[in-house]
Amino acid sequence: MSLPSPLCVGIDVSKATLDIAASSTIEQFSVANDTDGFDFIIAELRQYDVALVLMEATGGLEAAVACALQAEGFEIAVVNPRQARDFARAMGYLAKTDRIDARVLTQMAEVINRHPERERFIRALPDVERQVLSAMVVRRRQLISMLVAERNRLYPAHPQSRKSINIIMKALEDELARIDEDMNNHIQNHFKELSERLSRVKGVGAMTVAALLAEVPELGNLSRREISALVGVAPVNRDSGSMRGRRTIFGGRTSVRTALYMATLVATRFNPVIKAFYTRLVAAGKPKKVALVACMRKLLTILNAMLRKNEEWNELYHHVAP
């Protein structure tokens, strides 16, 4: 069958199946969400000139197929589910099924493929070593959440329950220590140079380094504006007509932003560059939270520039006006 090119493809991902639609007369089809299904999709798409493959982020269910397609040279865009749903409503799709969602994603892919900032949507998916590190970072976050929950239960609990809670807490603490050791070993084995360079910046600790390496593979490959928007520390305007709304941060990678926030709290005390910047903003009348977000953005852009230019941390070099 002769098909027009380029081809834009939408894939709706669920736990068990993948629904595939394309921007042409190609017939929609479904496959299992497993390696056999991935191989079938790759074999089908290799017959055509594929411009873009689009799918929603689905809590990690999309990662395996996205990585498999990227490894075969296809360009992949993974979008926020809310963006996809808003696009569907704008296109008049009120019903929601897997097949409809695949068609919607195809149409969204066509729009993105013609977008003047198309490359902004193409996400470089992490390699195998970053995927392993990301899994450990996520698991560590889950363990901390469970440990905090158990600690909060301890003292209000009946004495009969405290023994059980203490046992669970000890098990969580032991597992947390094991994860930390595994994470440190993995970073030393695969990201030692990057880790050491980032860690030389005062305020940037081991957990911040792990989060950046695992969840921001783009670090060092984007401009300061792009990396700020990606993480969600770039202010967004809310203006309409004569109304001028407050500029606020929005979207981005929440877990990375949380790690960056903790690093910035330390940096405003012990990093002379960030401390001076924070003090200057507060003295100029900026609210402390606004100043802190600005410091988060500055710290992130410094780290990004260090990796992009292959430079080491230098207080004198980076001590510049905002």
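Note that Cβ sites are derived from N, Cα and C of the backbone, with glycine treated the same way.
Looking at 162-189, 218-245, the stretch flagged in TrEMBL as coiled coil turns out to be 162-189. With helix defined as DSSP H, G or I and strand as E or B, the domain 'Transposase IS116/IS110/IS902 C-terminal' (196-278) counts 46 helix, 8 strand, 29 coil.
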